[in-house]
Amino acid sequence: MADDWQNAMDHAVALARRAGEVVREALQHDRKVMTKSCSVDLVTQTDQKVETLIIQSVKEKFPTHRFIGEESVAAGEVCVLTDSPTWIIDPIDGTTNFVHAFPFVAVSIGFSVNKQMQFGVVYSCLEDKMYTARRGNGAFCNGEPLQVSQQEDVKQSMIATEFGSSRDPEVVDKIFSSLRNILCIPVHGVRGAGTAAVNMCLVASGCVEAYYEMGIHVWDVAAGSLIVSEAGGVLMDVDGGELDLMSRRIVAANSRTVAERLVIEIDAFSPPRDDAPPLKP
Ligand SMILES: O=P(O)(O)O[C@H]1[C@H](O)[C@@H](O)[C@H](O)[C@H](O)[C@@H]1O
Ligand SMILES: [Mg+2]
Ligand SMILES: [Mg+2]
């Protein structure tokens, strides 16, 4: 079976590269912007085109595999992680960046079997950085091994996070109170690339000590979670418990020490789970 997953990973890398070409080409033209759950939850035809391209190609090569794709779920597909081999796809992570030509846009492809990530591919396509990880085999950027930062003093750390796409004042208050608490530890700084996947690759690369966010989805972080852990990092829930990929909350850090220190300061909330049954009309 191991060789099968390697074939699948090679295919994912090739597809991420092809998807990146589509994204770069689309940036040369006007981008028609549509909205999903609210006026700041953006989607474009390129998100949909890239997801279709990836899923159709995988279906031809691996007809029994399942999918969780951001735009398929938006179109009504169920979002349930089973034990089956499952491709977890964010065709454009950083759609708001893409719309504004802010230069961090990624294609994220994770692959899970028995609810455990087997490989992760994040292609930061405007930087031309291909991040890859295979379970037990380390994490790489353009073929070079990645290693998380060795800094365990949170006061000497840089932290990544995002504001997300909820504008519910109660949610925004929690996001700002967490940010305030963490800034005032104090940490050296707080940054955000505008994409969860790239933020996680920055943890894996040792450029920031940690990334946390509440409100993300499984497709934002599935691939990145393996890239972080294979680079020597740790993953946990924002309450310090075990990471649950469907819970929409994550802390990814270089060390348990930094992660647990951040958890103390995070004003946690629980968005509706990705695998929650749809609300009845
Ligand atoms: O919708 P896309 O795929 O661009 O992904 C999300 C980002 O990855 C989040 O970190 C970020 O906070 C936003 O919620 C953003 O929507
Ligand atoms: Mg995303
Ligand atoms: Mg997306």
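Heads up, the Cβ atoms here are built off N, Cα and C, so glycines get one too.
Taken from TrEMBL, the feature Mg(2+) 1 binding site applies to Glu70, Ile92. Following the DSSP three-state reduction, the secondary structure of Glu70 (Mg(2+) 1 binding site) is helix. Proximity of Glu70 (Mg(2+) 1 binding site) to non-local residues of its own chain (separation of 6 or more, Cβ distance below 8 Å) is seen for Asp47, Glu51, Ile89, Asp90, Pro91, His217, Trp219, given in sequence order.
Listed in sequence order, Val105, Ala106, Val107, Ser108, Val122, Thr195, Ala196, Ala197, Val198, Trp219, Asp220 are the same-chain residues six or more apart from Asp93 (Mg(2+) 2 binding site) with CB atoms under 8 A from its CB. According to TrEMBL, the feature Mg(2+) 2 binding site maps to Asp90, Asp93, Asp220.
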Binding-site residues: Asp90, Asp220 - member with fewest neighbouring CB atoms within 10 Å: Asp220
Cβ-centroid neighbours of Mg(2+) 2 site Asp90, Asp93, Asp220, 8 Å, sequence order: Glu70, Ile92, Gly94, Ala106, Ser108, Thr195, Ala196, Ala197, Ile216, His217, Trp219, Val221
Cβ neighbours of Ile92 (Mg(2+) 1 binding site) where a neighbour is any other Cβ within 10 Å: 31
